[in-house]
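Here is what TrEMBL records for this protein:
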DOMAIN    2-78  domain 'Trans-2-enoyl-CoA reductase-like NAD(P)H binding'
BINDING   Gly47, Ala48, Ser49, Thr50, Gly51, Tyr52, Asp110, Ala111, Val138, Ala139, Lys243, Leu272, Val273, Thr274  NAD(+) binding site
DOMAIN    81-316  domain 'Trans-2-enoyl-CoA reductase catalytic'
BINDING   Tyr224  substrate binding site
ACT_SITE  Tyr234  active site, proton donor
DOMAIN    324-386  domain 'Enoyl reductase FAD binding'
Amino acid sequence: MIIQPKTRGFICTTAHPEGCAQQVLRQVEYVKSKPAIAGPRNVLVIGASTGYGLASRIVSSFAAGANTIGVYFDKAAEGARTASAGWYNSAAFEKAAAEAGRKSYSIVGDAFSDEIKTQTIDLIRSELGSIDLVVYSVASPRRTHPKTGETFASVIKPIGGTYTNKTVNFHSGDVTEATIEPATEDEIRQTIAVMGGEDWQMWIDQLEEAGVLVDGATTVAYSYIGPEITHAVYREGTIGYAKNDLEATAKRLSEQLGKKGGRAFVSVNKALVTQSSSAIPVVPLYISALYKVMKENGTHEGCIEQMYRLFSDRLYNASGETLVDDRGLIRVDDWEMRPEIQAEVAKLWSELTTENVYELSDLAGYRKEFFQLFGFETDGIDYEADANQDVPIPNLR
Ligand code: NAD
C-alpha cells in the first residue's frame, strides 16, 4: 500500500518500512566507516528499537562485532495499519546483523514485566550463554509494577511552582508560551516509578541471580541534564527527580557489580530528536536552536555519533579508564554544554518568535528528523510507490 505520514500531535501513527530500513542502514554505514572498538562480546539492550537504544545496539554489533539481544515494545502491522517504526528498524537491523555474521535476537514485550525478564534470561542461556554489557534505554509513559500490579503514569511537570516558557508547534512553526502547573506529590512518585532506576535494578538482580552476567560486566543507562531554560520543566521537574533516582541506582549497581570487577554508569547524552523528546514542551524549540548553533559550529551529532563516541571514547577506550565528572556521570553532552554553544543558544532563545523561527533556529531540520524517525522524508525512497507493510523480524522470540 501507499504509506504516508499521519500525525496526531507529537506522534506519527504510521511508519514506512523502507524508509526506516534506510535510516538504520545509514547508521550502520556510519559505524562501519569508523575504527572498530575492542568492546563487548554479548550485549543486551533494553529499549533497543529507536533512539539511543537502537544506536547502542548498532554500535555494539557493527563497531564491536558483538552479538545482541534487543528488548522493545513495538507493534507488528495489522491489516492496513503499519507496524511501528521500532518494528521496522529492528527488522532492518537484524537482517544487516545476520548478513554481517553476527547473532541477534529480538524480544517484543513489556520490559517492566517478570515474564519478559524470564524470557530474556532463557534466550541468553540458550543462544549466547552470558552477557557482558547491559544497556538500559527504556523511555515509556507508563509502567505496571511486576510485584504490586500498580500502574504508574509519568508526567513532565515542574515541581513547586508554575513554569512558563516559549514552546513551538513544530508542524506549524507557531512559537507560543507554554504554562505548566506543578506536579502533585503523587505525580512525582509515579514518574520516579516509571523513569527512575527500579526496573534497571530488577533487570541486573535477575540477570545476576540467573548467573548469565559475566564477572566484570558493564551496565549503562541514559540521562539528560540540559540548559538553564529547561531546568524547571526537566532537570528540576518530575523527570529530573526520576533521573536522580536512576543515577542513585547506578551508584548502587556500581557497588554490587564492582564486587566481581563490574561497572555501572549513567551516561548523560545530548538533546536529540526522538519520539520521547518530541513529547516534552519547550524541548523541541531548544533542540531547534541547539541544532542551528552546533551545525554551524561543526559539532552537531545524532544518536549514532553520540553512541559511537560513548563506546569508543568512554566505555571501551584504549586506556581502560572511563572519564566521568565529579558526580560520577559520563558526559557525552559535553559538546552541547560548552559555554560558547550555550551562550549562543541563549541569545537565539531570547529573540525567537513565530516570525523568525525558521531563520534563527533549525526548526526545518527538527521537523525533517521527526519524520525520519518514522521512515519518511528519507532520500532514495519513492513514497508514491507501493510498500509492503508486513515485514517480519528475522529472529523474533
Ligand atoms: P525512544 O523513545 O527513542 O526509545 C525508547 C525505547 O524504549 C524504544 O525502543 C521503546 O520500544 C522502548 N520501550 C518503551 N516502553 C517499553 C516497555 N514497556 N518495554 C520494553 N521497551 C519499551 O527514547 P530515547 O530518547 O532514545 O530515550 C532513551 C533514554 O535516553 C531515556 O532514558 C532518555 O531519558 C535518555 N535520553 C534521551 C535524550 C533525548 O534527547 N532524546 C537525551 C538524553 C538522554
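Glycine too: its Cβ is placed from the backbone N, Cα and C atoms.
Automatic prediction, not curation, is the source of TrEMBL annotations.
Between the C-alpha atoms of Gly47 (NAD(+) binding site) and the residue listed as 'active site, proton donor', the distance comes to 21 Å. Proximity to ligand 1 (Cβ under 6 Å from any of its atoms) holds for these recorded positions out of Gly47, Asp110, Val138, Tyr224, Tyr234, Val273: Gly47, Asp110, Val138, Tyr224.
Around the Cβ of Ser49 (NAD(+) binding site), a 10 Å sphere holds 28 further Cβ atoms from the protein chains shown. Measuring Cα to Cα from Tyr234 (active site, proton donor), the binding-site residues that fall within 10 Å are Tyr224, out of Ser49, Val138, Tyr224. Secondary structure from DSSP puts Gly51 (NAD(+) binding site) in a helix. Between the CA atoms of Asp110 (NAD(+) binding site) and Tyr224 (substrate binding site) there is a gap of 23 Å. Once the Cα atoms of Gly47, Ala48, Ser49, Thr50, Gly51, Tyr52, Asp110, Ala111, Val138, Ala139, Lys243, Leu272, Val273, Thr274, the listed binders of NAD(+), are compared pairwise, the greatest separation found is 24 Å. Tyr224 (substrate binding site) sits 8 Å from Lys243 (NAD(+) binding site), counting Cα to Cα. Look at the Cβ of each of the recorded positions Tyr224, Tyr234 and count the other Cβ atoms within 10 Å; the largest number goes with Tyr234.
Classification of Lys243 (NAD(+) binding site) by DSSP places it within a helix. Looking just at the domain 'Enoyl reductase FAD binding' (324-386), the mean pLDDT is 96.
A 10 Å cutoff on Cβ-Cβ distances gives Lys243 (NAD(+) binding site) a total of 25 other Cβ atoms nearby, all chains included. Of all the Cβ atoms in the protein chains shown, 17 others lie within 10 Å of the Cβ of Asp110 (NAD(+) binding site).
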